[in-house]
Structures are given as structure tokens and as C-alpha cells.
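The compositional bias 'Basic and acidic residues' annotation in Swiss-Prot covers 526-535. What Swiss-Prot records for 516-535 is region 'Disordered'. What Swiss-Prot records for 595-600 is motif 'XEXPHE-motif', and it gives similarity to another entry as the kind of evidence. The topological domain 'Extracellular' annotation in Swiss-Prot covers 1-203, 400-407, 484-553, 639-646, 700-706 and rests on a curator's inference. Per Swiss-Prot, topological domain 'Cytoplasmic' is recorded for 225-378, 429-462, 575-617, 668-678, and the stated evidence type is a curator's inference. Feature annotation from Swiss-Prot assigns transmembrane segment to 204-224, 379-399, 408-428, 463-483, 554-574, 618-638, 647-667, 679-699; the stated evidence is sequence analysis.
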Amino acid sequence: MFKWKKSLFWRIPVFFTFGALFVCAESRHKDNKQPPSQGGLLQALYSLNSANGTFLHKNNSTDIISLLLEKVECPKNVHGKQDPCTQCLRPDALLFMVGINKSSDIDDDAIQKISVVLLFYIMNQKDFCTSISNLTKMDYKFYRNSLLKLRKDEDCHYLSLNEIDDILSVSKQYFQLLEEKQCTDVISMEDAFAMVGSTAVDEIKLPRLAEIILTLSLQRVCITRKQFPNAEFFTDFIFQSFNRTNDLYAPDIAELIGELKATGDCSKLSNRRKSVRSVIPQKDNELLSNTNEEKGHDHSDIYEVEAHSRYWHQTHSCFSVYELVKVFFKNSHSPVSKEQFKQISPAIIHQLLTCSCPPASNGTTRLAPPTTLEKYGYSTISVLLLTIGSMFGATLIIFSSCEENYKLILQLFVGLAVGTLSGDALLHLIPQVLGVHEVVTHEHHMQQGDYIFEENEYLWKIMGMIGGIYGFFLINKLFFLLVSSPKQGLSLMNGHLTHSHDLPLDAHLGDQSRKAKSSSTIQLRSPDDCEHSEVPETLPVRPKARRKSKGISLLAIMILVGDSLHNFADGMVIGSAFSSSTETGIASTVAILCHEIPHEMGDFAVLLNTGLSAKIAFLMNFISALTAFAGLYIGLSLSANPDVQIWIFAVTAGMFLYLSLVEMLPEMIHVQTQRPWLMFFLQNLGLLLGWLCLLLLAIYEHKIQF
């Protein structure tokens, strides 16, 4: 007796707790403006089971699956009805289909896989349990791929909107939700269940979508498309707000202009405008603008409009730009002509008048600006890291002991320098100078997947320019390798391009290594430093020529000046970023470091290629890196004047293009080696890596956040 009372005492609060949750869920469903409950399928089963006065143990997988099969295979019994029902699925068979043991707990991943199988069962209930089809013996991948291939004319890797419409239509009929008044649209479902609908549903998103559909179906909630008014609604709304039917008068237009001017402060919106409820009937009872509806697929049963829905009551709905365009035109991403703009203007005015869309927000709390100590401390550490990164080019010294390997590795980094220098100028500096490198924040909605090309369209056009440069480089290089003989190539280089070969590159690494000298046969020199006579390969190097090679060539000076300006500008950018916030400064440091390391490594290779010793090249690289500190402190003190930065970027871009395309690229074409095809591969590898690095930086640098 005591145990029975104790059990009853324990059950009463549990019963009332779940009962209260169920009542709250039902009360939320009565308001069509609120999204459904965010609980998953398991939570829905617990709620339904507790409403019947029983308790479901979470660790009993067999009981959970049995209850789920009962609710799915017998939809009439969801709320306690006991109509006769034939079940063909067994709990152990269902668990076997998704690869789960009976003793295992049912977690979210398992319930989502089970939802996929049950959704397939709903779509193929007539054939699922027949002995002919043998569908009960398939594995999970079969059911998943079958749902993705629901329509033969659609992409088999994604579940399109049309296929989702088919699933919703069948599910609505299967669970007999046609007469239910409580419905939620796909947009509300995404918000409530954290479903991202920016792209089509793939095999990763499908299990979550299947769980949501089953959850809402068991809760007697139907899912429809987001409802849109027809094109005439917006004009009719404006006229109705002035109590006009067909004509507006001058005072009405003056009042309209005044309303538009006051929309900056929505709190001052007139009560009359707020109280206007659209009672404008839809033409031909058309509530939804299904401009993209395919012929032969009638889903009118899903979007069945009841008598009270003949009027558009969602006056203050916020429509995205693409949704507004879709209301009027078939292609929401097509350009809008002047005539089409006349049609869409009332919709824009409607959104302004009703203050439907809240001000754009980045969703983050603005932090307090960094203190002076933080700005100078963090920024100094960041530039120090950049300086250390720029010194990585010194690693090329280890290859100077073997002339042939040194030559090959050097050409790899020369190609990397050409790719990073030209890529930095074309993909980063020039767009920034022209003002097209700004970060544009787009709203997230169902068409967001198309933004990837539109947002970075200028980058793909610039990549076309780079493709032209690379294509002609390949033609010239292959012509040199396949057609020109080594002797002709040497004569061409000495006579036309004034590139001298077989001159030594001394690697003075210390007093003990002065005897170990290596010569570079791929030396870049300016016209003033070169003799116009052809130098035979067997000709010994004279001391005068050796001393002359120790001088600093014009190319080395240009690289020093260009790098100094670039690092100076980088320092100003970092100073400006840390003046804004610590997070922005760290993100900018990471972004600059991504292209600074390969850039400086390539520059170090070119400095060695001009005939400088390793020590001098290292010193010049270090001196150019120090200018970042000057730019940093000037940027911190002057808040990095954007006008000054733009001019620095413009001059730097010109220098980078000249260095990479005029001085360095011709050398890559005519350099000779004993292994020409291996060098050709390394040169291409360096070029492509440099361009790819700067392309990825241009696309994703604004997404680096901390």
C-alpha cells in the first residue's frame, strides 16, 4: 500500500508537468503567427505518450520505435483513437535498416535516420510491404538516395523545392491534415528548427528535414510554402490606406511623401497606417504567387485556401528583395527594367510605409573600443609576427649547396612570386583602389546560394584576365621547350632579353663556407649590368665579372622599394584595424599573413636570382619588412587615412605588375636547366599556388573572425 501511494505521489507531478507542456504547445498552435515547438521527434513522442497517461522510458529503444511505428503507420490513432490498423514494419527490422542495435540508445542521429526510412514509407506505402517490391530489406542509403531521386528530371544529389512540395502533399494527405487550420510555412520552420534553407537539401540536411516533417505531422501541424500576395496587393494597399479606390489626389500624394520621410522612425508611424488591415480580395482567389509552378504537378491540395484566407491579412510581413521581385516576375535574379521597376515600386513603398522590415543588424554586441595600451601592444605584436613570417624566405639558403636543386627550387619560388605579386595587384590592390573590394552583407534566405557568384563577380572576371596571362605563358614556354634548341634559346636570351647566364651567385654563409661557392645559371640582371655579347658556357668567370655581380641590380632595388611600400601599407591597415577593435585587428593580421609569407618567400628568391648573396638578400628583406612598423604607428596616430592608403595601394599595384609580368615572367620562360620538364612543372606549381592563395584570400578574408 505504501509503495502504491509513493508511486502515485511520484506520477502526479510528472503527469501535470507533461500535461502543462502539452497544453502550452496546443495554445501556441492556436496562434498562426507563432512557429511550432522546437522539440524534436523524440520530444513529440514523449509529449503524445504522456498525454495518454503513460510514461515512455528514454533508454528503451524498442518501446520508442514501437510507439513511433504505431503513430506513423496508424495516423488516425495519433490522439488516442483506436481504429483498426495493419502494421507491416517491426521495430527490430526498422533498427536493422538504419544499422542500430536493439541495445543501443536512440540518439538524435538515429532518430533522423529512422525518419528518412519512415518518410520513404509514407511516400511508398502501397508498395512498401508487398513481397514483390522487397523494400523492407534495403539499407539506409537506399531509402535516402530514393528520396533524393524522387523526381527523375531533378538533380539526384539534392532535394529540390518541387520534390519537397511532393513530400508535403503526400504527408498532408497521409496524416489527414487537410482540414487543419494550424499551418506553418517553410520559412517559419527554418527559424524554429534552425534549418538553413539557403541551398537545396542534400544528403546531410535530408535526415533533419525528415525529422521535422514527421514531428510537425504528429503534432497535427501542416507545412506550406511561405504565402505571398499577388502583384496588385501593394498598389491596392496604398490606395486603401488613403480611403481611395481608383485615384489619388495631390494632398494624398503629399501625405504619402511625408509618411515616407518619417519611416526612419517607425515609432512615429501614424495609428491610421498601423490600423489598416488589408481586406483587399485576391484576384481569382489567388493567395499564392506560384510563378514557377510546373505544369502537370497540381499541388492545390497543399495550398488549399479557406474562406477566411481570401484576403491578405499579413499586412506587416517583411519580404526580402528577391521575394518582392518573385511576386512580380518569374526570375527573381533577372535585371529589373524601367517598366518593371514601375510595377515593383508600390511594393517598395508598402514595405517603407508599414515598417515591415526591422533595421539590419549584425547580431553581435558592439564591444568597447580597445585602450591605447591594447592598440599599440597588440598591433606591435602582430607586425612582429608579420616580420618573422617574411623572413621565411631565408630557408632557400639550404638549397644553395647543390646547384641543380637550387635552380629548380629557386624557380618554384620565382613562380610563386609571380603568382602572389600579380595576384595581389589584380585581385586585392586594384579592386581596393577602384572601390569594388568592399564587403557586402547579404540577407539570408532561400535564394542565398546564388550570391556566391554575384557577390564576387568581379573576381571571376579578373581570373579571366589571369587566365589569359597564364595561357600565353604556357604557349610561349612550350614553344621554347619544344621548338627552340638550347643554343637558339641562349642566343635569344642574350641578344633580345639581355639576360646573362652562367654568372656566379656567391653564397657567403660564414668564414668557414667561403670556399664552398655555387653558381647560378638563372641570374636576372638589368640591361646596364649585362654585356650584349654571347657568353659561352665553358668560359671561366673573371674576377671583374664576379665583383660586378656583387652590385645591387635595378630589379633588386625595385623589389626593395615595392616591398617597403607594400609593408608600409600593411602596417597602416593593421593600425587602422586595431584602432577599430581588437577582433578586427587580429582578423586583418591573419588575412595579411596568409599572403605575406609566400609573397616574401618569392621575393627572397628573386633577390637571390639577381645575383645578391644570401646575407644581402636577407638584410634587404628584413629592411623592407621593418617599414611595416613605420606604417603601423603612423596608422595608429592618424587612424589610417583611407585616401593615403588608396594612393599607396595604387602605386604598389603598378610596381607589382611590372615586377611580375615584365621582369620575372620572361625569365621563367627562357631559363635553361638539365631537367626542363621538371622545372616547367615547378614553375606552374608556383604560379598556380600563388594565384590560388590570393584568390582564396580575396574571397574569404572578410569572413575571418574571432
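Positions of Cβ are set from backbone N, Cα and C atoms, glycine also.
Sequence-distant neighbours of the transmembrane segment (647-667) (same chain, 6+ residues past either end, Cβ-Cβ under 8 Å): 414, 417-418, 421-422, 424-426, 429-430, 432-433, 469, 473, 497, 499, 522, 524, 555, 558-559, 561-562, 565-566, 568-569, 572, 606, 609. When DSSP labels each residue, the topological domain 'Cytoplasmic' (668-678) comes out as 6 helix, 0 strand, 5 coil, counted as helix, strand and coil in that order. Below 8 angstroms of C-beta separation, residues 393, 396, 399, 437, 459, 462-463, 465-466, 469, 520, 522, 566, 595, 598-599, 601-606, 608-609, 652-654, 656-657, 659-661, 664-665, 667-668, 671, 673, 675, 678-679, 682-695, 697-698 of the same chain, each at least six residues beyond the ends of the transmembrane segment (408-428), sit close to that stretch.
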